[in-house]
Amino acid sequence: MPLMMSEEGFENDESDYHTLPRARISQRRRGLEWFICGGWKFLCTSCSDWLINICRRKKDLKARTVWLGCPEKCEEKYPKNAIKNQKYNIFTFIPGVLYEQFKFFLNLYFLVVSCSQFVPALKIGYLYTYWAPLGFVLTVTVVREAVDEFRRYKRDKEMNSQLYSKLTVRGKVQVKSSDIQVGDLIIVEKNQRIPSDMVFLRTSEKTGSCFIRTDQLDGETDWKLKVAVSCTQRLPALGDLFSINAYVYAQKPQLDIHSFEGTFTREDSDPAVHESLSIENTLWASTVVASGTVIGVVIYTGKETRSVMNTSNPKNKVGLLDLELNQLTKALFLALVALSVVMVTLQGFVGPWYRNLFRFLLLFSYIIPISLRVNLDMGKAAYGWMIMKDDNIPGTVVRTSTIPEELGRLVYLLTDKTGTLTQNEMIFKRLHLGTVSYGTDTMDEIQSHIINSYSQVHSQNSGNSTSSTPSRKPQSSAPKVRKSVSSRIHEAVKAIALCHNVTPVYESRAGVSAETEYAEVDQDFSDENRTYQASSPDEVALVQWTESVGLTLVNRDLTSMQLKTPGGHILTYYILQIFPFTSESKRMGIIVRDESSGEITFYMKGADVAMSTIVQYNDWLEEECGNMAREGLRTLVVAKKSLTEEQYQDFEIWMLTGDKLETATCIAKSSHLVSRNQDIHIFRPVATRGEAHLELNAFRRKHDCALVISGDSLEVCLKYYEHEFVELACQCPAVVCCRCSPTQKAHIVKLLQHHTGKRTCAIGDGGNDVSMIQAADCGIGIEGKEGKQASLAADFSITQFKHIGRLLMVHGRNSYKRSAALGQFVMHRGLIISTMQAVFSSVFYFASVPLYQGFLMVGYATIYTMFPVFSLVLDQDVKPEMALLYPELYKDLTKGRSLSFKTFLIWVLISIYQGGILMYGALLLFESEFVHVVAISFTALILTELLMVALTIRTWHWLMVVAEFLSLGCYVASLAFLNEYFGIGRVSFGAFLDVAFITTVTFLWKVSAITVVSCLPLYILKYLKRKFSPPSYSKLTS
């Protein structure tokens, strides 16, 4: 739909932000706020934008005059016709990736800490203890981005290298898609993608028109009829396009995919020929030719094409969990600074206190553990692997591995309706004739009736229809004699075979030269070579069904159609009048004359609500339609009436135009988005501020009512009453927007994000959904009939819409809860050791001396505790079946209670309690063997961590048990083999571990006592909380 209601509004209304050029939007968003909040970030982005603008100046878009076949006559230089989906180039890749990483406080902090170790006075441990984890995180990120970027490059290259035939004075030449220029005459074959925006000059179809598929542009699966410019279509031969002196005047490139203004002028004729051009004379890029061969003149290329202008640039998506953890690390950093200042203050600011302050900052730097990023990134990879290996959702691909937790935080689900929900596969399931019904298992009976019917004398068949008779679900109009079942079936099938807008298409024979532009003689009319084309898949399904039972549509033009009987006879019917389907009438009709008998028949089909008042009263139609609808079938009522010549002459011709509101409403009901007894408010079309105001007030008075609105009306509402409309829409149980442009879809997503602050998910299966998918916090693409464009641009790609339930309820829920537990546990692991360091330093007269050496610190974060802590990614609170059965469990997650400042504070208090108990316990119980304090406290610390993992786990997995014992075994082994590391402070202190000492009963019971005191109260608290205030999931599992 047009983004603005008129050209004037598009150019002049500066207040509406999405009418501004993109460069201006980005400039408005940057300002004083950025400069104050992040000067370095502002500096980086400003410099990069300045460089980009120097390299690629934005020019104003202008209307143009395009001479046929003469690109050299173009007054300006137009963009290259290349598709580019890459985020970086060879120069910006490393800086770009590093910028994306270090704009987060967590990573920037690690970088500063690691760099500080190059200063001798500040060196605390070994360089590898700081640089190894940071290097690992960065390497993984760079490799992942490089792989994604290379895949995008390959996809782009494949599209840009597609070959097309270009018409020149010397004949046809092959040209790459990326080399096509404004003014070129391009030939596009059937089923070939149109490479750029063109004006339709000529077609091989004798009607002078062709069908194109636009699903990758606007998401609509019905084929669009396009009409060639009559002046060029009438030329005798293809080469004559170069013998005329003609040009196209085209408006400036626009976002609106549903309108076009231009003129075609031929100067060398007398008088000069002027033809106005509209949307029906255009062939937009990314659409596909569905019939015949077309020739067009290129008017827009590259980033000026409608499809590219409606596609937003991909953004780097960051999960809400990552943002929340980033906030928590800032809080931890403040705690770290405060603790360091307290230690320096207690020292009395003696000597070079500022150096001591920095050393304390480094000593306590484990408060913000770098292993947090390592564990979370590995966890994300594990969730992605689990999603792709799930047999219940086969074919699912995780394309953005950084946001699996987002699947568990979604509040708004925005889905493309047309093909995403219906799969665009229509199959004829049932025929009901009032007294008799046929299903898929009894279609052979219909076939035998048809064969018997047409095997009789043709004249008898024609004479049978003397009055209105029923077909699919109608009642006969006052029948004098009850017709036989066979006769009724015959009439019904014939009605379905004639009442439609379907055209049979035959492929040209292989090897026929393309020069024979109108060579119908060389076409193959056999059944195997026939395909049907129509604006709706429903109609094709009906005609395919009549073919399967014996009555085949073999030919159709503007004035007649021909059916083939089972015996091979051809029946010809002249088309006298067609009444197209509209949303207002909810039906379509056709009047035909039988060539053999001269009989005129009016056939009509439509929705049961529209047809029930037209057909003769009966007691079964409404009931049977209701039964079929409850089964999820789309019902259609077909009726006929025989007309005399006089009745036909008196017939009043009507024609209405409409939109797709009815289709949207039907699909919303059939997909149970809206329950059948729920009110639906259809927002009437509005074009002005006043109309929008009145309609919004009318809608405000409705309660618990689903909303259906068209793209046009939506645009007017958002222009004048954006905040009010979004507020009302968010209160609805469901909202259906129909006839939306790709840009509008993305705009709706951004509005929800801006006004509600909640997480959004966009689901689509066509190229027109790409902008929406990229704008949403989480994009899901479905590989469907509409190609792979949406699935390639999405964060998650699935094969069927029904898989979304499991993806969100099971994998999304688990990913979020596991990452929340994992993130907080890793923080707890850093906090507890920092608490012990603080206690140790205070006992040692506030000396900035490390309690544990570098290797022990690395071992603590890796082999001693990593496997049990990381095994939390296997934890689950409820079984997958239970999570799917109770969607309320998912709703709980949207409140974000698994990771909040409250839960974080609880973990901080636990860490301080345990760290204090472990260190003071070690000092208290081992007063006589003070030299062994490191071994004692470290052993108790490891045991406490292993027990805390066991306390956190809700459902045990055999790998968790293995991880616990493996870590314990690794620690016991290192006690024996790495005893030189277990002295106090540095090795130079001269305190070494006595292997005999750790095997004594005294050592074992004292370590056990400290461990029990640090863990037992927490186990008791957990038991009491679970008993008196159980979480929602425990009620289901008990």
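Quick reminder: no glycine exception, Cβ is built from N, Cα and C everywhere.
Here the structure is a predicted model, which means the values were calculated and not measured.
As recorded in TrEMBL, the features of this protein are as follows:
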- 74-131: domain 'P-type ATPase N-terminal' (DOMAIN)
- 128-147: transmembrane segment (TRANSMEM)
- 172-306: domain 'P-type ATPase A' (DOMAIN)
- 331-351: transmembrane segment (TRANSMEM)
- 357-376: transmembrane segment (TRANSMEM)
- Asp416, Thr418, Asp765, Asp769: Mg(2+) binding site (BINDING)
- Asp416: active site, 4-aspartylphosphate intermediate (ACT_SITE)
- Asp416, Lys417, Thr418, Glu539, Phe581, Lys605, Arg634, Thr657, Gly658, Asp659, Arg739, Lys745, Asn768, Asp769: ATP binding site (BINDING)
- 457-484: region 'Disordered' (REGION)
- 826-848: transmembrane segment (TRANSMEM)
- 854-874: transmembrane segment (TRANSMEM)
- 904-924: transmembrane segment (TRANSMEM)
- 930-951: transmembrane segment (TRANSMEM)
- 958-977: transmembrane segment (TRANSMEM)
- 997-1021: transmembrane segment (TRANSMEM)
What same-chain residues lie close to the transmembrane segment (958-977): Cβ under 8 Å, and 6 or more beyond its ends? 859, 863-868, 870-871, 874-875, 935, 939, 942, 946, 949-950, 993, 995, 998
Binding-site residues compared (Asp416, Asp765, Asp769) - the one with the fewest other Cβ atoms within 10 Å: Asp416
Please name the residue among the binding-site residues Arg634, Asn768 whose C-beta has the most neighbouring C-beta atoms within 10 angstroms. Asn768
Are there residues of the same chain, six or more positions away from Phe581 (ATP binding site), whose CB falls under 8 angstroms from its CB, and which are they? Ser536, Arg587, Met588, Gly606
Let me know the model's mean pLDDT on the domain 'P-type ATPase A' (172-306). 90
Proximity verdict for the transmembrane segment (904-924) and the transmembrane segment (997-1021), three or more C-beta pairs under 8 Å: yes
Any chance the transmembrane segment (357-376) and the transmembrane segment (930-951) are in contact, meaning at least three CB pairs closer than 8 A with a sequence separation of 6+? no
Let me check the 10 A CB neighbour count of Arg739 (ATP binding site). How many other CB atoms are there? 21
Name the one residue among Asp416, Asp765, Asp769 whose Cα is closest in three-dimensional space to that of Arg634 (ATP binding site); these are the binding-site residues. Asp416
Using DSSP, how many residues of the domain 'P-type ATPase N-terminal' (74-131) fall into helix, strand and coil, respectively? 29 helix, 0 strand, 29 coil
Looking only at the domain 'P-type ATPase A' (172-306), how are its residues distributed among DSSP helix, strand and coil? 23 helix, 52 strand, 60 coil
Measure from the CA atom of Asp416 (Mg(2+) binding site) to the CA atom of Arg739 (ATP binding site) and give the result in Å, rounded to a whole number. 11
